[in-house]
Each structure stands twice: as C-alpha cells, then as structure tokens.
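Novice: What Swiss-Prot lists as zinc finger is 16-49, and the listing cites sequence analysis. According to Swiss-Prot, the feature Zn(2+) binding site maps to C20, C23, C41, C44. Annotation source Swiss-Prot lists repeat '1' at 128-204. According to Swiss-Prot, the repeat '2' annotation covers 239-315.
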Amino acid sequence: MNAPSFTGLPTSMLSVKMICSECREDPPNLVEEFSSGDTVCGSCGLVLGDRIIDTRSEWRTFSNSDEASGDPSRVGKVANPLLNGSQLDTTISSYDGAGAMLAKAQGRSVQVRGEKNLLTAYKEIGAMCDAISLPKVIADTAKQLYKRVDDHKALKGKSSQSIIAACIYIACRQGKVPRTFMEICTLTNVPKKEIGRVYKTLQRMLTEGGALHNSVDALKGHEYIQSSSTSAEDLMVRFCNRLMLPMSVQSAAAELARRAGLQGTLAGRSPISIAASGIYMISALMGYPKTPKEISEVTGVSDSTIRIAYKLLHAERKELIDPKWIANKAGNMDAMLPKP
C-alpha cells in the first residue's frame, strides 16, 4: 500500500538570503561590523542592516593588570561601592609607553573630586590591617566606616590618621577580633588620648540617635552593633600565642581572669593588665615561667603594673587557683609561684 503523496501542497522557502540591492552579488559579500552594529556589503559599502546583536562569547576578567593583554573585557570593571560617582569614565588604552603616560594623565584629570583622599585612606587601612594580620572583613568594615564619616562630613577638624585608627579599632570590636588601644596606637602612630576621643565621638554617632545611625551603608550588612568592652579572656589567646605558651596555659589563664572578675580581685584594672598578670601567674604555676619583662614586650603593660596586679592575685591565690593547674600535682603552690 502506497503512502499518500504531498507533492501537490505549496512549499515555502525556509532559506532567506540577504543580497545587496546595489551590486546584487550572489553569493553576497556581507560583513558584520559588531563594533558599530551594522551589516555592510563588502563590495560596495552599502549598509544593509543596523543594530545587530553580537553573539560572540564575552571575555571574563581574571587579572588586575594594566597591560594591554591583562583585561580583555570590553565592559569595564565592576563598580566599587566604596567610591563616589558613577565610575563610568572613559579611559585611554595603555597599549604602549605613550598610551600608558596619557592614561595616567587622563585618569588624574577626570578623577572624582574627593575620591583621591578616599583611595589614599583605603590604602592605608589595608596596609595597617595587613601589618597586624587582621582578616579582610575587618579591613572592609573599617573602610566602610571611614566612608560613612567622609560622606556626612563628620569629625571635622580631626586628622585622617586618628579617624582611620578609630575605624580600625571599632571594626576589630565589631568582628570579634579585639585589639587594645595600645596596639592601635603603635600601629598608627596616633596618641592614645586622640584615638580615645575620636572613638568615643564616632561611637556616639553610630549608636541609635546619632548622626550616622540611620545613614545608608556603603556595604550592605555592616550594621553597627554596640559591643561591650574587651575582656581579659579575649586577649589571652593572642598574648599566649605570641609568648609560645601551650593551649593548657591559655585555658587556665582565661579561667583565672574570669574568677578574678567574679570575685572583684582586680576591680578597676584594665583588661590588658588583668591578662598580663594572669599569664605571669599561670605560666609559672604550670611550668612555663615567663618574666614580667617578656610579658611586657608582648602586652605593652609595664613591669611594675604587672607586679602590682600579680600581688593582688597572689593574695587570693587559694580562692582563685584550681589545684589541677599545678604542674607537679604533688608540688607546693607557694613554692612554684614567684614571690610578689
């Protein structure tokens, strides 16, 4: 049985050719100019179509190099939320030496006003955070805080260095990576009193009701949360690591600081002084003795301050010390502890 034939039905041409109306060449010599979005006859130059879509694959950027082969992307880099302006500036190619010089000159001429100061501050914040091994999230938070201050023209009359120091200190507390005022002072070369004044002013602005509390953040998710003061337990890990003390000493020193806080043995003393004196006592008790001078070099607390705080701990040693902390369980506590 033969299958039905469809030869009698009309057919349509599914292949449509675009031929130049002037030269009528077949096959046509068509050129797609993606840079202008036009379809042009390669023989006579007649434009046959416009607004064509570039279907070629787009390049992705894996390099920050300024060389000609460094960034093949044609759409530019992503906008930086920490900078002002639209950041849609025209740039000059740096293909050769002359182009590189022109690119630098053009970049300086079109730079958004005030952006240079922000970039300088961000560079300093990044370098300072790297110097004391702070994670990137702390540096980003400090930069965001600095931008909020700059946008609202807050803290007028204060030096940029003192503002940077205060921003890093607040960022450390927000990120649960505490650093002392003395460490920030040594890092930034800003007097401790100046950092303290700027920090208190900035903290008031960031808390509820302050000038910066309801401002729109440059980085979403970085809301300011007022934190409590740094405790001695928070400082133990870093100080003990720098003194090459084992984990057992860290845990015992942190517990000693907690007990001293509950009993009020060192009431009124700074957390760093409590941490230093606790390390001095526990390191000797557990067989890893450190001198006040060694502890002073790490913590920044003077020898005399460590000895005075230790004297108060020594007076209540029986209530504060757990017998299992003694290196030689059968040993005498008083024989192992240094005399106050």
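Heads up, residue numbers simply count up from 1 along the chain you see.
Quick reminder: no glycine exception, Cβ is built from N, Cα and C everywhere.
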Novice: Inside 10 Å of the Cβ of C44 (Zn(2+) binding site), count up the other Cβ atoms and send me the figure.
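Specialist: Here the count is 12.
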Novice: Tell me, how many other CB atoms lie within 10 A of the CB of C41 (Zn(2+) binding site), whichever protein chain they belong to?
Specialist: 20
Novice: Which residues of the same chain, at least 6 positions away in sequence, have a Cβ lying under 8 Å from the Cβ of C23 (Zn(2+) binding site)?
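Specialist: In sequence order, the residues whose Cβ lies under 8 Å from that of C23 (Zn(2+) binding site) (at least 6 apart) are C41, S43, C44, L46.
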Novice: If you draw a 10 Å sphere around the Cβ of C20 (Zn(2+) binding site), how many other Cβ atoms fall inside it, taking every protein chain shown into account?
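Specialist: There are 19 of them.
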Novice: Per DSSP, what is the helix/strand/coil residue tally across the zinc finger (16-49)?
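Specialist: Reading the DSSP string over the zinc finger (16-49) gives 0 helix, 11 strand, 23 coil.
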Novice: For the recorded Zn(2+) site, enumerate neighbouring residues of the same chain (Cβ within 8 Å of the Cβ centroid of C20, C23, C41, C44, site residues themselves excluded), in sequence order.
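Specialist: Result: S21, E22, R24, E25, P28, N29, G42, S43, G45, L46.
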Novice: Give me the DSSP three-state residue breakdown of the repeat '2' (239-315), ordered helix, strand, coil.
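Specialist: For the repeat '2' (239-315), the helix, strand and coil counts are 57 helix, 0 strand, 20 coil.
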